[in-house]
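**Student:** Pasting a structure here, questions to come.
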Amino acid sequence: MGEQLLQLLLTGLTLGSIYSIIALTLVTTFNVTGILNLAQGEFVVIGALIAVSLQGTGMPMAVVFLVSVILVGILGGLLERLTINRARGASSLGMLIITIGLSISLRGLALLIWGTDTYSLPAFSQGGSIMIGGAALNPQSIWIFALVAVTLAGLYGFFEHTFWGKAVKASVYNQTGARLQGINLNTISLLAFVSAGGLGAAAGVSIGPITMVTYDMGFMLGVKGFVAAAIGGLSNVGGAVIGGILLGILESFSSGLISSGLKDAISIIILLGVLLIRPEGIIGAIRERKI
Amino acid sequence: MKNMSKGLKRRLGLALLLVISLLISACSPTKEADVKSTTASANEPYKIGAVLDISGNSSSLGVPERDTLLMMVEKLNSEGGINGHPVDLTIMDNKSDETESVLAAKTLIEKGSLAILGASSSGTSMAMIKTVESEKVPMISLAAASSIVEPTSDRKWVFKTAQSDIVMISKIISYLKKNDLNKIAFLYMNNSYGDNGKKAITAAVKDSGISIVAEEKFDANDKDMTPQLSKVKASEAQVVIVWAIPPSASILTKNFKDVGLTIPLIHSHGVGNQKFIELAQGAADGTLLPIGKLSVAQQITDADPQKKVLESYIADYVKKYNSEPNSFGGYAWDAFNLLVSALEKAGPDREAIRGELEKTQGFVGISGVFNMSPEDHNGLKEDSAVLVKVDQGKWKLIE
């Protein structure tokens, strides 16, 4: 029994690492632009699919990773210029609907290019699973955690220790004030989507070896990422990671100990519960902030 | 923005609403029609329809089936059609969804299809049964579950070409007995393919001295089956039997290796395509499964009545698509040719087509030799399947 519980915990961590990285990308865009980007799941999928195609040409995995991140970053920026930027001044509902449109178009594009097949990606490191006390841990999930950690550190460093990071934060708190200080909101929004695309692709290439890749998996990933982000309070990067891990562990334990059919229901019930009881997230990070 | 918390709350609420409405809209019906028609003859064309799982979870089944049907209809029409009548085949994609399947069947019937081929998987096939029964349209399913054609008293119009799960399970049971494996763990997909496999195995092990010591299910789009396998590991099972299709079957096979299970792993014929091996990335080696003879056509003896048919299908398919066909395409080949031979005798009359299908005897197809009867709308026996092992990414006949 103890071994089984440990196994469920490790599996939960693997799932949790996947949800965390997607939640993290959602939260970053949301923090910077105030837009909840529902096309984030599609960035993840397109990143992974590009990696599948590149990998087929025999490139080493590190190059595949980088090229995919850069390409999807460019795609993110391009989409921002073509849609979000043109709709500046629209309500947040309007923006949300634009991102839904983007999500549907990207899914269609992926279907046209890659078809309905399921693809697999090779793991970053060779070798089987790591045994911990009789339970197995997929080494790929360590890579995903590493990506989560690097992203967290990068975001922290950027927001707290660079001029641009502070500029971004300022423009979120008070757009008019930031503009008066000479901060170019236009550039910041572009930057946010480029990094959302790049981070999404990084997430996609990293989770691909575990989840396999199909053109239409972005939506469910987006939903899970959104639930994780909402648990964490939607604007807190640390909260997003904790929310993702909590969600993964809950899913793993409920499917291992109760019934596998309940898994998706549980994440939606948690989302409803959090939104009804503690809309500020269980971490409670969203406080009134004054400048 | 003075009160950020309030704005956020509102935005969160909106986002939730949208996510829910998207979830709903993702399930709502849309259709993708793929129409092939011909102008080869002045004779009235025979309209037939097919409903296949071309996209979605079961696309690894539906795509080769579609390709096979397109190839067959092209060939048939270029050779002059059925008694001079060209065949007008409409293929619809049900996106692996039950509701879409029913809608597609209704559309085809309204358009005057004489018979319907499909669907690719058990759930989508079961969904169409009520419609074809009440509209009195012959349907030939390409899926495994025996409940698609049983009981035949309620399935007057429904036939199927894939070997029933019961056929495959008796193949597996004889293997277990031969190797003295009595304690099994049974893992299955949480859909009608898996449920029917479970029903069939529960019935088959009764009074056989074999007991099911662990029983677990998982969803078609699950990404990790380690929780279920951890339970199997804790049990005293001597062998694991899995009733699923890729990609989940492949993920499970990978997880099986990862958690360090070393007991034999037996899959169902639902994994009978190269995609399963590809997606499992090497983990599939050593896996056993019962399968139709197509995948091991070169390895079976020349005395086998199916050998010729198998080789000609493979040659045609490779010539057209430059890749090997798989058993799913074979189900479509059988369904199409069964229907064509019924149409030859019956003409464009649904009732007569049904009668001819039921009278099919000694029809040598890809999945086996079909002998239909009023009590058996599948017509295949245990000899239609062979047991194979995955050996370095290839199917290897083991008997």
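Each residue, glycine too, has its Cβ placed from N, Cα and C.
Just lifted these from TrEMBL, have a look:
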TRANSMEM  A:6-27  transmembrane segment
TRANSMEM  A:34-54  transmembrane segment
TRANSMEM  A:60-79  transmembrane segment
TRANSMEM  A:91-113  transmembrane segment
TRANSMEM  A:142-159  transmembrane segment
TRANSMEM  A:188-213  transmembrane segment
TRANSMEM  A:225-250  transmembrane segment
TRANSMEM  A:265-286  transmembrane segment
**Student:** I need to check the long-range neighbours of the transmembrane segment (A:188-213): which residues 6 or more away from its ends have a CB within less than 8 Å of a CB in the stretch?
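**Tutor:** The answer is 14, 18, 21-22, 24-25, 28-29, 32-33, 37, 40, 42-52, 64-65, 68-77, 79-81, 84-85, 88, 118-124, 138, 140-141, 143-144, 147, 151, 164, 167-168, 171.
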**Student:** I'm a bit unsure how to read this: which one of A:34-54, A:91-113, A:142-159, A:225-250 has the highest number of Cβ pairs shorter than 8 Å with the transmembrane segment (A:6-27)?
**Tutor:** A:225-250
**Student:** With CB pairs under 8 Å as the measure, which of the listed stretches A:34-54, A:91-113, A:142-159, A:225-250 comes out on top against the transmembrane segment (A:60-79)?
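**Tutor:** The stretch with the most close Cβ contacts to the transmembrane segment (A:60-79) is A:34-54.
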**Student:** Please check if the transmembrane segment (A:142-159) comes into contact with the transmembrane segment (A:225-250), where contact means 3 or more CB pairs closer than 8 Å and the residues in each pair are separated by 6 or more positions.
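**Tutor:** Between the transmembrane segment (A:225-250) and the transmembrane segment (A:142-159), which are separate recorded stretches, there is contact, as judged by 3 or more close Cβ pairs.
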**Student:** What same-chain residues lie close to the transmembrane segment (A:225-250): Cβ under 8 Å, and 6 or more beyond its ends?
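**Tutor:** That would be 9, 12-28, 30-31, 36, 38, 40-41, 148, 152, 155-156, 266-268, 270-271, 274-275, 280-286.
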**Student:** Take the transmembrane segment (A:91-113) and find every residue of the same chain, 6 or more past its ends, with a Cβ under 8 Å from one of its Cβ atoms.
**Tutor:** 34-39, 41-43, 45-46, 49, 79, 83-84, 215-216, 218-219, 222
